[in-house]
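What Swiss-Prot says about this one:
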- 1-105: domain 'HPt' (DOMAIN)
- HIS48: phosphohistidine (MOD_RES)
- 256-278: region 'Disordered' (REGION)
- 261-278: compositional bias 'Basic and acidic residues' (COMPBIAS)
- 274-526: domain 'Histidine kinase' (DOMAIN)
- 528-663: domain 'CheW-like' (DOMAIN)
Amino acid sequence: MSMDISDFYQTFFDEADELLADMEQHLLDLVPESPDAEQLNAIFRAAHSIKGGAGTFGFTILQETTHLMENLLDEARRGEMQLNTDIINLFLETKDIMQEQLDAYKNSEEPDAASFEYICNALRQLALEAKGETTPAVVETAALSAAIQEESVAETESPRDESKLRIVLSRLKANEVDLLEEELGNLATLTDVVKGADSLSATLDGSVAEDDIVAVLCFVIEADQIAFEKVVAAPVEKAQEKTEVAPVAPPAVVAPAAKSAAHEHHAGREKPARERESTSIRVAVEKVDQLINLVGELVITQSMLAQRSNELDPVNHGDLITSMGQLQRNARDLQESVMSIRMMPMEYVFSRFPRLVRDLAGKLGKQVELTLVGSSTELDKSLIERIIDPLTHLVRNSLDHGIEMPEKRLEAGKNVVGNLILSAEHQGGNICIEVTDDGAGLNRERILAKAMSQGMAVNENMTDDEVGMLIFAPGFSTAEQVTDVSGRGVGMDVVKRNIQEMGGHVEIQSKQGSGTTIRILLPLTLAILDGMSVRVAGEVFILPLNAVMESLQPREEDLHPLAGGERVLEVRGEYLPLVELWKVFDVDGAKTEATQGIVVILQSAGRRYALLVDQLIGQHQVVVKNLESNYRKVPGISAATILGDGSVALIVDVSALQGLNREQRMAITAA
């Protein structure tokens, strides 16, 4: 029974994406004057693997584009073509077009014909120039396709040494045996086919290169499942006799001549990752999300049982209570293990910036050195995909407005090469991402003047950090002219809003003439939260534990009134704004006298304030439920959760609460 090869499309798409990313990184690292042989080989192998897979799935345009690039790379690694910056740029452009072609195939669309013809002509022209010819290589697409098909056949032909190739595939899944037989049949005529429950062996009648076979099969199985042996041609009777007595054997017991060519073909790329690749599998994100949801329900159930067990007599039910404690520990360990599946390294984000910085710095006429720190730091997949756009905007802003032109840096006594640092590290239950440049820094006077002209409430006594945060106001920009890079005043406010929607906040530190650091703090995950539950009248609210500094009983002498009905609480010489939770959410029956309640000191976006509640309940894990998708967006509330007794509690948006409280008071005063 035959299986549709389209079942393996996604495997090819995923691996091709990884190969293209590797190709770009190696191209960026190449020194044209003295290219590293290993890097050139890695780029060549990536192109060769993509070409083989594209041919298998019938992605002709991608196959032909990759084939032309592969030929040029082969000339470069054999020293027949001298690399330079223009050639590297052309290879990078080819990689971009290959990515566009791959994306088109993902969407079941045909790639753009114009870009295909353009890049093929450019590559063929380069090939002619490398051979000392200057005739333009303008070739019609149809003719190009035919030519490449002929070249592909020619390059796979081995010397006619009257030998055939026998392939042995082992450790196969049941549904792979027929599929692989079909695919091998597409490459050559098969004879002496022997199929087992988990193995397949066959002789290929035709001139097919071993590395081309490996390139195709490795999109379905691993390289160490493939082995080859040469079968010397003989009269029919002898050949038949040989086939009959040759048992199907796994690669481990094949004679030395049957040594797996797959290992030779992939040696440079696979050696460092052999252990990782042999112990990893691809799992759809939807399945991981479903598993996380089930673990979330388990946490809720465990919380319900824990609440019930607290009502039991510890003398009569000691063993049950002990077992409940063990269940709680196991549930937490399970939750942490499952959550780690969704964690991805920041390298996924950082890897796209070397190319961006290189291209944009060249466009702006600046020299910039990019340093990446903490690429292995992990973050939840849902957040890592959403952080790309904000970080991209910050990097572009640093390049355009932060780092000066070379002549200005020389005048300021700086190195002409500017420094841009992207870093990531864990801080408690958060991840801290920083974008740092050693450019001109923020101009305090210009920012204040611009803010005043826009009618913003500012004064000369504001700290440098407070002045810096003004650039995140909607429509705010001090750029003297608008460019296609930045300066339109739309972006920094969107960056801040996007970060806040992810449950994080953004801070800025800048010193004029020395540079700027923009810091982003995000929770590691949005699925499960460590929180402190508090009560206001009959309502329960959850405060994110990483925002809680301390709690205390306020005294009358520490409370001080301000204009507009506001009050501040003095805590060890520091005056903190007092936010009364019952007023913000209009909760009836709450304790209105501050001295009768409890104050929780919270910190968000570098600012501290005091939150008045009736009672502290305790600390525990809660499963975050999206409130907006199930109800509607509520100001001051970030999400909801289900408590152990089955009731719903709201999770407070700590960063928005103080501003919401101020807006309500201003509205009351204006009325």
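Each residue, glycine too, has its Cβ placed from N, Cα and C.
Secondary structure of the domain 'HPt' (1-105), assigned with DSSP and counted as helix (H, G, I), strand (E, B) and coil, comes to 84 helix, 0 strand, 21 coil.
Summarising the environment of HIS48 (phosphohistidine), the number of other Cβ atoms within 10 Å of its Cβ, over all protein chains shown, is 21. Taking the domain 'Histidine kinase' (274-526) as a whole, pLDDT averages 84 in the prediction.
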